[in-house]
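Engineer: TrEMBL lists these features:
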type: DOMAIN; residues: 4-25; note: domain 'C2H2-type'
type: TRANSMEM; residues: 49-70; note: transmembrane segment
type: REGION; residues: 102-134; note: region 'Disordered'
type: COMPBIAS; residues: 115-134; note: compositional bias 'Polar residues'
Amino acid sequence: MPDCDYCSDSFDGEDAYLDHLAADHADEVGFIDQRRIDNRTSDDGGLPLGLLAVGLVAAIVIGGGFYAVVLSGGVSPDGIEAAALDQRGDADRLSAVESFESQGTQHVEAGSEIDNAQTPPLSGPHYNTPTTGGYYESTQSAGNLVHALEHGAVVIYYDPAAEGGTAGDDETPTESLREFAATHTNQWGSVIVVPNPADEPQADYVLTAWQHRLTMDDYDPETVHAFLSEYLGRGPENPIR
């Protein structure tokens, strides 16, 4: 009997659970759950419902004289980037994580100056709107990023001048990080990847969660996965794991 990862409901079978996710948590599910929803079969045992929906959209679009290609941001996560999170992160990979006291959760007016205790910030005063999950090529406001941390996000800062390490399977760190961001999109547990705004970043990659930080000079996707397993979706406002 599957239990819902997003609320306290339980269900008699997988199909009933996936129907519940599609109906009640469509805006919250991550990449993996969305793929499970899309791949479930229709009641008559025919094509997966996701394919039927795509086919209907395609028919409408083509009928209007246009052609559409639906891509998930041009990213198709696989490997460790798309793997389910562990209950806890690997302790050996997380042995260098630094932890800090909370600086509070108060909201302040957007645009106001905030004196953060750590750089990048790990907690404290922040703006009313959290940054949306995803991979960014331009710096984002710290006031919005901290709010996302409060919502359970993991924010990963990269030095634009560095491409240290490899992600395996001929992937670059950038490709791997894009896949992590595409996999984890829940509003209470998203991955946000942003350029480090510091003139001299403390490391090529800085992984941050609420009150926690881990630096990496050589990119390692297994360590990223361990950090996400430990902290993603476990922010102070509405933990979902």
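Including glycine, each Cβ sits where the backbone N, Cα and C put it.
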Engineer: DSSP on the compositional bias 'Polar residues' (115-134): how many residues come out helix, how many strand, how many coil?
Structural biologist: 0 helix, 2 strand, 18 coil
Engineer: So what's the mean pLDDT when you look at the domain 'C2H2-type' (4-25)?
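Structural biologist: Value for the domain 'C2H2-type' (4-25), mean pLDDT as a whole number: 74.
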